[in-house]
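According to Swiss-Prot, the protein has these features:
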type: COMPBIAS; residues: 561-573; note: compositional bias 'Polar residues'
type: COMPBIAS; residues: 593-603; note: compositional bias 'Basic and acidic residues'
type: COMPBIAS; residues: 613-622; note: compositional bias 'Basic and acidic residues'
type: MOD_RES; residues: Met1; note: N-acetylmethionine
type: MOD_RES; residues: Thr947; note: phosphothreonine
type: REGION; residues: 557-673; note: region 'Disordered'
type: TOPO_DOM; residues: 1-41; note: topological domain 'Cytoplasmic'
type: TOPO_DOM; residues: 63-67; note: topological domain 'Extracellular'
type: TOPO_DOM; residues: 89-107; note: topological domain 'Cytoplasmic'
type: TOPO_DOM; residues: 129-145; note: topological domain 'Extracellular'
type: TOPO_DOM; residues: 167-176; note: topological domain 'Cytoplasmic'
type: TOPO_DOM; residues: 198-212; note: topological domain 'Extracellular'
type: TOPO_DOM; residues: 234-254; note: topological domain 'Cytoplasmic'
type: TOPO_DOM; residues: 276-294; note: topological domain 'Extracellular'
type: TOPO_DOM; residues: 316-343; note: topological domain 'Cytoplasmic'
type: TOPO_DOM; residues: 365-374; note: topological domain 'Extracellular'
type: TOPO_DOM; residues: 396-409; note: topological domain 'Cytoplasmic'
type: TOPO_DOM; residues: 431-435; note: topological domain 'Extracellular'
type: TOPO_DOM; residues: 457-476; note: topological domain 'Cytoplasmic'
type: TOPO_DOM; residues: 498-512; note: topological domain 'Extracellular'
type: TOPO_DOM; residues: 534-979; note: topological domain 'Cytoplasmic'
type: TOPO_DOM; residues: 1001-1184; note: topological domain 'Extracellular'
type: TRANSMEM; residues: 42-62; note: transmembrane segment
type: TRANSMEM; residues: 68-88; note: transmembrane segment
type: TRANSMEM; residues: 146-166; note: transmembrane segment
type: TRANSMEM; residues: 177-197; note: transmembrane segment
type: TRANSMEM; residues: 255-275; note: transmembrane segment
type: TRANSMEM; residues: 295-315; note: transmembrane segment
type: TRANSMEM; residues: 375-395; note: transmembrane segment
type: TRANSMEM; residues: 410-430; note: transmembrane segment
type: TRANSMEM; residues: 436-456; note: transmembrane segment
type: TRANSMEM; residues: 477-497; note: transmembrane segment
type: TRANSMEM; residues: 513-533; note: transmembrane segment
type: TRANSMEM; residues: 980-1000; note: transmembrane segment
Amino acid sequence: MRPSPGEVPTASQRQPELSDAALVSHSWAMAFATLISRITGFARIVLLAAILGAALASSFSVANQLPNLVAALVLEATFTAIFVPVLARAEQDDPDGGAAFVRRLVTLATTLLLGATTLSVLAAPLLVRLMLGTNPQVNEPLTTAFAYLLLPQVLVYGLSSVFMAILNTRNVFGPPAWAPVVNNVVAIATLAVYLAVPGELSVDPVRMGNAKLLVLGIGTTAGVFAQTAVLLVAIRREHISLRPLWGIDQRLKRFGAMAAAMVLYVLISQLGLVVGNRIASTAAASGPAIYNYTWLVLMLPFGMIGVTVLTVVMPRLSRNAAADDTPAVLADLSLATRLTMITLIPTVAFMTVGGPAIGSALFAYGNFGDVDAGYLGAAIALSAFTLIPYALVLLQLRVFYAREQPWTPITIIVVITGVKILGSLLAPHITGDPQLVAAYLGLANGLGFLAGTIVGYYILRRALRPDGGQLIGVGEARTVLVTVAASLLAGLLAHVADRLLGLSELTAHAGSVGSLLRLSVLALIMLPILAAVTLCARVPEARAALDAVRARIRSRRLKTGPQTQNVLDQSSRPGPVTYPERRRLAPPRGKSVVHEPIRRRPPEQVARAGRAKGPEVIDRPSENASFGAASGAELPRPVADELQLDAPAGRDPGPVSRPHPSDLQNGDLPADAARGPIAFDALREPDRESSAPPDDVQLVPGARIANGRYRLLIFHGGVPPLQFWQALDTALDRQVALTFVDPQGVLPDDVLQETLSRTLRLSRIDKPGVARVLDVVHTRAGGLVVAEWIRGGSLQEVADTSPSPVGAIRAMQSLAAAADAAHRAGVALSIDHPSRVRVSIDGDVVLAYPATMPDANPQDDIRGIGASLYALLVNRWPLPEAGVRSGLAPAERDTAGQPIEPADIDRDIPFQISAVAARSVQGDGGIRSASTLLNLMQQATAVADRTEVLGPIDEAPVSAAPRTSAPNSETYTRRRRNLLIGIGAGAAVLMVALLVLASVLSRIFGDVSGGLNKDELGLNAPTASTSAASSAPPGSVVKPTKVTVFSPDGGADNPGEADLAIDGNPATSWKTDIYTDPVPFPSFKNGVGLMLQLPQATVVGTVAIDVASTGTKVEIRSASTPTPATLEDTAVLTSATALRPGHNTISVEAAAPTSNLLVWISTLGTTDGKSQADISEITIYAAS
């Protein structure tokens, strides 16, 4: 057992939390390390079997099990369930951040392990006899010799568990993930040395001084020591003191009952292992090796499929079980059961049919001959079904432990071990072939887990008491039955084909190569049948998988096609498979719960819908965009699961206080300057025996909340008492929008409960104008609303691009339609702050952070929608803005105190659109409902579209000519000439239009996930001024003589391409490195810049910078030397200025001349969705 990185200490002394991109990078690194560990570990087992053969491998396998058995009994079994939570609590509560607790823990663990290691080495002959029985076929002296050399691993196995737990609580996951790889590499190297050492392994008699024996035993133990050494180095790098400190912490004593239960659980399970090994070793010399290798083969697909599924579901399942949220637990059980069954049942069918071929393909090498590989294959076929009950038992145990019922699993393990022992005792009497006994032992093991699953089901049903008396819903049962039927049909047909085609001859005559070919044929037979049956039965996971395959194929085709089509249409992307879930809010301090389910679309609809686009936001009229919303038709919703960080410029996760909106005018900051610790965890009953404070988590970028489920990425503002965050769902590897409700815990319970209840009702609104609510949680310090992440830009970012009026009002219709649907459902959207609103990449204005306060009403929504439209039109916010500033400037007001109409600010805004924005913002504007507002928006859009259509040019009156029967030659020639001129002009216009369209499409589809601008969102009409370069500021151009990359805190970014920023060619550019962290400055280094050396000392007037990135901020600095040592050696000429994609001009107020000008990137933006800045041209103008 290995500790889980589930809980992280939050005391001030703890290590800093990982940043958002660092988390993603570490997650991928851990996944890669796990894959390498499994590959090298299995290669090690195969090599060992091939070198030693089945009989000798049995001796080594039994001896190598002993250190794991002893370590599990002494320490490992209790460490994950007991020590890790206590360690996390110590780091939170202790003044020294848990340093003394860690020292006591390591001292106690080392003492116990040293004693256990010494005793186990001394008792090696007894332990071997316990495992082999009284009359084994396995070489007992050789096994004992190996045991003497391998049992010292007990010490390092136990310490590895301790060190992993300490590192995990410090957010250090790399070394624990790679340490097993080091162990496997050392073990493989040991096998190479074993082959190189001359002589033979002494078997009869066994000599402890035999070179090969010592190399194999000591080398294997050295690998485990190397694994622990890697962890110890990481411990020292974290400056964690391990100096001995004697004493037992009182917190450990409280967990004595649970520790006793865990030890008893492991002891009973190890009893079944001992009985199985004794019977296997008595039956045949190869028995233990086949018995153990069978289990290793079964764990390969389980580790890649079953563990992945369980890892996704178990964190939420544990939280809900700990919170005693029975409906949520039932929903999670149903989801986990469904995902487990649909992935493992086909795997079991394939392994059952192809078992003999699998054994030969994997192990028919060297001294592990074809006969032993065949028996191993038979064991795989007989015990493959074990995967399913094994996974279900793990699910059930997690629920019991989360509900603090450690003694209940004892009943399950007693049943499992009892059936397993009974079946193991019967195995030698079932078959007359001693070599097949190991296969029937695997069958007995599976029957034991099956019995445990059945007993666990009834115990869980009695404990949870589900409505209707069933833990699994009808939908889940149907999916399981369909999957079973499809797997049975596919397996039966594959077995018949295997017999009729004589595929077994491939294994018999071609060995492992023939077995691989045989498995390929079986897979080609089974896969189409499984796919056809599940797709015809409309299993949602199958349809989602089909969509994913289609998307992958299409993306590969598009990569080889023109650049203008290198991105899939959103409608072709597969959506996530979701399931209807029964949810309720956890009761706040004894209050009544809200029995409001979160409604989702049926899985079939979700799988069928995929990622459909909303109405496009363009300047041309669209009937679908206008009347679809009016009719209330259910529009497909975009799903934003891709990792795309949209950090608002200049936003800082500052404190949020709670003044009344009327008390703060637009742009005012709250007075509260400190945010206290905030606890976010599943609600549970207070501990009667402990008064320990709750787990406190500081709301800062990189912090983990909800037991590590969500990692905070970027703060997006807030309005009292709410905070808006972009976060990463680490379980599902997708981004989400988190709205923290009353994180400081000042609202009354009834107000908080009413807020969460109203927000829960928003989950029923299925409109593109409101982000889909995924979860609503009542925590110990407020509430948490989890919604889908809306890819695109904030309202302020999009307003800053000056979108066209027609595009703006068309984009607003999605939000108005969502408000209309919400008001009809009896709930308001609470559009009270510009930071709540985002513009999606599909051109929809969306309520991105749902959370409806009790005082919210439909009239406030109308004003909020009008204010959002007003902001898109003139880049001003017309309403009072409480909380954290959004970046929008306040609107100017007329003599009556009303915001000035947008048309008075910009004469190019159509009167109808301006009137809608102005009237909806005013309290007495006459717009009383969202449906009226939506209708006015559609009418204004239609009128604006008609006024933009050019009428025909009136021709001068021409006297009517007398009609003739046939045109004369002069008229015919003139008409022919005019026709040719018209065709030529039309062709020229068409060619220019096609070139412009290709350029626009290339920009849009070539950078969908990159920076935002008005053309990509379809919010701006093309104008001549947008493509023309800005007029040159006064003063002469100063051409730099040299440019170098200035990076005092790290390596220079692409120094060889620095000249491209001043070469006068906008098509070339200097790019920074691509950073994994979306905000690398100043966390990774303080920044990077370009040092431009001027031909002579010059008073700089303006600096023009052309960039392709979004969100980049630069400072203009001067230096006395071209190579200053630090950034402090330069002088700031202009403060940080946000750059827009395209041409930017920065005015420099410098009185003194300078010969060295530094363009310093203080904030890195994004280019094509990557954390990278791209500067194509820098032009310097002297002061006039």
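Cβ atoms here come from the backbone N, Cα and C positions, even for glycine.
It should be emphasised that the depicted structure is a prediction, and the values quoted were computed from it without experimental measurement.
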Flag the pair the transmembrane segment (436-456) / the transmembrane segment (42-62) as in contact if three or more Cβ pairs fall under 8 Å (sequence separation 6 or more).
no
Same chain, outside the topological domain 'Extracellular' (365-374) by at least 6, Cβ under 8 Å from its Cβ: which residues?
46, 49-54, 56-57, 286, 289-290, 356, 359, 435, 507, 511-512
Other parts of the chain folded back onto the topological domain 'Extracellular' (63-67), taken as Cβ under 8 Å at six or more residues beyond its ends:
120, 124, 127-128, 131, 143-144, 146-147, 149-154, 157, 220, 224, 273, 277, 292
Which sequence positions outside the transmembrane segment (477-497), separated from its termini by at least 6 residues, show Cβ-Cβ distances below 8 Å to it?
337-338, 341-342, 345-346, 348-350, 352-354, 503, 521-522, 525-527, 529-530, 533-534, 537, 539-541
Can you give the mean pLDDT for the topological domain 'Extracellular' (198-212), rounded to a whole number?
77
Would you list the DSSP helix, strand and coil counts for the residues of the topological domain 'Extracellular' (129-145)?
10 helix, 0 strand, 7 coil
Could you put numbers on the helix, strand and coil content of the topological domain 'Extracellular' (63-67), residue by residue per DSSP?
5 helix, 0 strand, 0 coil
Who are the long-range neighbours of the topological domain 'Cytoplasmic' (457-476) in its own chain, taking Cβ under 8 Å and residues 6 or more past its ends?
326, 329-330, 333-335, 337-338, 396, 399, 403, 405, 408, 411-412, 579-580, 603
Non-local residues, at least 6 beyond the ends, that sit with Cβ under 8 Å of the topological domain 'Extracellular' (129-145):
55-56, 58-60, 62-63, 65-66, 203-206, 208, 213, 217, 274, 277-279, 281-285, 287-288, 434
Tally of helix, strand and coil residues over the topological domain 'Extracellular' (365-374) according to DSSP?
5 helix, 2 strand, 3 coil
Restricting to the same chain and to residues at least six past its boundaries, which positions have a Cβ under 8 Å from a Cβ of the topological domain 'Extracellular' (431-435)?
137, 283-284, 286-287, 290, 371-372, 375
